[in-house]
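Undergrad: Annotation source TrEMBL lists domain 'Major facilitator superfamily (MFS) profile' at 23-408. Residues or ranges marked as transmembrane segment by TrEMBL: 21-38, 58-77, 89-108, 114-135, 147-165, 177-197, 227-245, 265-286, 293-318, 324-344, 356-376, 382-403.
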């Protein structure tokens, strides 16, 4: 981290190293809002299904609603942060996230829960999209890729810890208690951001011109073939991952007989692969081209998707399915930070929020659309999940081949 970046981040009155660590932890936790919101209550999905007298598909729609909210919220919060600065939209989003989480805990029906999860996701999206924009305010290129890889360590730990925490919470509280904990996390992030994060986009560097300028920025980004290629690659790869996230509680618990606690441990073990791959990618960035690291991640995910389909069709059982799911999760550690850095590379900070928003929309919109596919044939078969993951992972690998040109810089005018 450069001294200039340290000064702009200003997360601590201590020295540069302490400021760097504080910034990493805060931004990493903000980007972890999505896996925390999604993964912490995964072990509770079967219990929620029974308590609210609903089916597996309807229960999975609570995941889809949250992911849809994450997509829509980023489309709003990203451009707002380009115009208003990073702090104000971030604090507003975190306050709304805490309130929505409390309301989710009191939801009397699955329909109400679906609606509130949409609001919760939209509010939590502010932290995700603005954290990425802050990184671009401070870094570019390989430096940004390295920083995103460090964030992946925290972001990757969230899927490990969240279902474990959720599973243990279910020992002592019913499923609404999970949302009460999420509300507490939202309050803690609000207070930490209020006290510790300074503005990284001063007024003279902000976007001006209102909605017309924002629309022009979006149009310029969407005309950039490389940017669109990286955005679709991220979206399709995340859709494969999210199909696993939404389908695995039913597949691993109902079909393969894992308890909520055993499921949370298996889920966490798979997430360790994502963390390890992300840290390996960060260490190699600068020595290995970012596109090559991205291609390696896509190859790992595609191999996992094909292996999963083969294991399910061959009836290989749990010990055939788990290694394939490990590959599907691990490859994301190379895909997400490098695709993000490549997509944002060279773009002026004044449009970083809008660019980050489009990346988030692609990621979470495709992920939300894919989530129900895992349960279309009911809770007694893993074939839809396997087919979806295999198809999405191969499509992501094919799409990235179109992103061969360096990303064009969006005009600052």
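Keep in mind that glycine also has a Cβ here, set from the backbone N, Cα and C atoms.
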Undergrad: At a Cβ cut-off of 8 Å, and with pairs 6 or more apart in sequence only, do we get at least 3 pairs between the transmembrane segment (356-376) and the transmembrane segment (177-197), yes or no?
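TA: Contact between the transmembrane segment (177-197) and the transmembrane segment (356-376): absent, because fewer than 3 Cβ pairs are under 8 Å.
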Undergrad: Answer with yes or no whether the transmembrane segment (21-38) touches the transmembrane segment (177-197) by the criterion of at least three Cβ pairs under 8 A, sequence separation 6 or more.
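TA: Since 3 or more Cβ pairs under 8 Å link them, the transmembrane segment (177-197) and the transmembrane segment (21-38) do come into contact.
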Undergrad: In terms of Cβ proximity under 8 Å, which residues at least six beyond the ends of the transmembrane segment (382-403) contact it?
TA: 225-226, 228-230, 232-233, 236-237, 239-240, 243-244, 247-248, 251, 255, 294-295, 298-299, 301-302, 304-306, 308-309, 311-313, 321, 328, 335, 342, 370, 373-376
Undergrad: Given the transmembrane segment (58-77), which of the listed stretches 21-38, 147-165, 227-245, 265-286 has the most Cβ pairs that are under 8 Å apart from it?
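TA: When the Cβ pairs under 8 Å are tallied, 21-38 comes out ahead.
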Undergrad: Top stretch among 89-108, 114-135, 227-245 for CB pairs under 8 A with the transmembrane segment (147-165)?
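TA: Ranked by Cβ pairs under 8 Å, first place goes to 114-135.
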